[in-house]
Structure formats: C-alpha cells, structure tokens
Amino acid sequence: MMLSTEGREGFVVKVRGLPWSCSAEEVMRFFSDCKIQNGTSGVRFIYTREGRPSGEAFVELESEDEVKLALKKDRETMGHRYVEVFKSNSVEMDWVLKHTGPNSPDTANDGFVRLRGLPFGCSKEEIVQFFSGLEIVPNGMTLPVDFQGRSTGEAFVQFASQEIAEKALKKHKERIGHRYIEIFKSSRAEVRTHYDPPRKLMTMQRPGPYDRPGAGRGYNSIGRGAGFERMRRGAYGGGYGGYDDYGGYNDGYGFGSDRFGRDLNYCFSGMSDHRYGDGGSSFQSTTGHCVHMRGLPYRATENDIYNFFSPLNPMRVHIEIGPDGRVTGEADVEFATHEDAVAAMAKDKANMQHRYVELFLNSTAGTSGGAYDHSYVELFLNSTAGASGGAYGSQMMGGMGLSNQSSYGGPASQQLSGGYGGGYGGQSSMSGYDQVLQENSSDYQSNLA
C-alpha cells in the first residue's frame, strides 16, 4: 500500500522559544493533549555547535490529527516564555539535527570542552584537579587572556577521547572555589574560529576618519605588556601553547607555526582594529552579520542576551570586557544571516531588566564573513550594501529607518535603494568624508590581502 505524502514525511512539529533549561518532560507536559511518538524520545532538541540549547526542538507525533492539536498550542506560554509551534516534516528534522549541534560533522569526536566562569587567577592545576580522573591530552589545555594578560574566565580543554569529554560535561555547574563552572561541548574548529584574529592586526594602519587621538587604544596601538609576553611564550610553544610545570599547559594561546604563531595568541584578539576609535571589543565575526549592543545591565549574562533576542537564535554572544577587567555594558551578537541580524534590530530600545538597550547593525547583505569595520551611530543605523571582501563601514544618514546604500558626501545623483524599515534617510550632507572613507577602505582591504 502506498503511503500518503503526510505518512512519508512523518508527523512533526517544530517548537521555538523554549526556555534554555527546558527538559523533554516539560515539552511533553506542554503538549499534554497530544500523543507524542515514543514518549520523551520523540522530543528532539536542537543545539548550537557549542552544545548550548538553541531554544528549539522537533516533536514527533503519532498522526496528522495530533499535529493539528499541537499547532493549536502556538503562542501559548511555557514558564515566562511564549512558544511558537510550526508544522515541519521528518526530512527537515533529519537535516537540521545532522547539521547542527556539537556532534555535527565538523565538531564531533575531537574531545574538546569549553569552560566558562572560572575564578580570577584560576590555575591549570586547579582545572586538572576539577577534572580528576579524566585524561587530558598533552598540551591540551588553553587559558585565553585579554590584551593586558588577564584571564578571561574561560578555558578550552581537550580530553583523550570523546567519551571522556562526555564525562567531563557531567561536571557542568560544579564549583571551583566559590564559582560554579559552566561546561559546553566545543571543537578545534570553534577554538580557532573564536580566537583567530585577522593578520591585519599585526600591521600599523593609518587612522580612520573617526579615530580619536586621545582615546588610548585608537590608532591600532599595541602595547608590550604582560599580555604580549604571555602571547609570545604561548605562540612559540608546541601544540596549544607551550608545555611547562604540571607536565605543563602553557598559559599562552597559540597554535604556533609561523614567526608570530599563525593562529595568534588570544591576547591579540583584544587589540582589535579600532579604526573608528570607539571600542575595546575583542570580537571577530565569522559570518559578518552582527548586532552591537550598548546599555546592558552590568550583571547581564550570555543567556540573558540569548533570551533578549528570542525567538531569533544568535550563533554567538561576546560580552565586552574593559581594560580594567570589568564589563563595559556592551556586547556583540553574531547571527547566521543578514536577514536575522536585520530582524534583531526590532529589539532596539527594548528593556533588559531595568535598562533599555541600544542596538547597532553590523551586517551587509551578501557578506559571507571576514573582517569588517563599524561605527556606532545614535538613534538609527544605515547599512551599506554590496561590500566587497567582507570589509565595510556603517554610515549615518539624515533620516529614520534603515537603508542598504549610503555615502558620505556622494554626488547629487546618489540614490537610495531597498531600505529596511519604514523610513529612509535623506541625502547625506557630510561632504568631504567620502574620499577619506574610500582611501581608508582601499588601504584596509590591501592590508587584508
């Protein structure tokens, strides 16, 4: 007997907006009027590549009638979150589950975990003791530092096998000292992607039009402080930073190969290209589709930010740490696509706890990653389109809304096209800057080459 189209595709719904701590049992209670195939095994959560819950799941049901019942739960609440329910199918479910999460082809079986929330001054020996009985590979521990040589509170640890790494994950939320430690699945690819700053950071470029001479960290200045020394030690070491006491695990972070250690020490990430002189961000985008946040509560966590953008699913959140080691109230949030980044801008001026948060778009249609410049603008932002080589700048125009083409002082025939939002900025009156920006962009891209 031929199966119907519905039978071949299965009876599946996709759920979005789940609380991060949600369990399969809670999903079953949410769909208590529906018959779920195989009980809790019919609830298939979607995870990020770092092993964090994405807030989404697929639910396999027993019939088309059960799917219709499940769809009636759309926009109902679970805890303090409203949950969206969409019709899906087994083809979509299988593809998504195969290509996402820490067990996707490019992240599986390398035994990495990422630790977050380490106490200030936490040593390698304390981490080894924390994972007592679990074998860590030689040179398999990395303690990233900021540009002043201070610990970021994170660590990457590579275990002797994926099975041992799975055991390590069970220590999630256990304590080192007075701090509870969060543990996520990771991978060699994540380590390199997260902390490999572009080589342009080794060059001294001339200042951009918005660099501030008195800003301290403007003009791409690089100081040879403790961070530089720690980088130098790690970058010349073998593996993931040199070997020292304990059988070693150097503090440095370098995958070392060429004269500066091809994948530079993490401390260089903190010395980002402040061409517009406005930030202390160590964030390096991998997709080119980001939103910068300003005005965050000082106690805001990554999970608070993920919740803030729900039901959108950011790929990565980076909370900025200032030179004094304290949070700055700013963060960079990376999205998979330009469309997601634009949709996230709907949250501009929304509240997080008692603070309203300003958002600034750092994304260009057609950009597929790479380095980019950004300037923060008040009240609104216009995003330039068609940037080449992944490098672009964000410019301000004279009206409200978002436009995907803009120019400082272009000719009168300059046209606006395809803007996002309800309004369009007027013709820029900031003549005289266009040539500077073009020269600066040319110089910037030549350095990237």
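Backbone N, Cα and C atoms are what each Cβ position is placed from, and that goes for glycine too.
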According to Swiss-Prot, of the residues S90, S375, S383, the one annotated as phosphoserine is S90
Which residue from R49, R150, R224, R233 is recorded in Swiss-Prot as omega-N-methylarginine?
R233
K87 (SUMO2 cross-link) falls, by three-state DSSP, under strand
Just to be sure I understand the packing, how many Cβ atoms besides its own are within 10 Å of the Cβ of K35 (SUMO2 cross-link)?
15
Rounding to whole Å, the Cα atoms of S23 (phosphoserine) and S54 (phosphoserine) are apart by 13
Cβ contacts within 10 Å for S23 (phosphoserine), all chains included, total 13
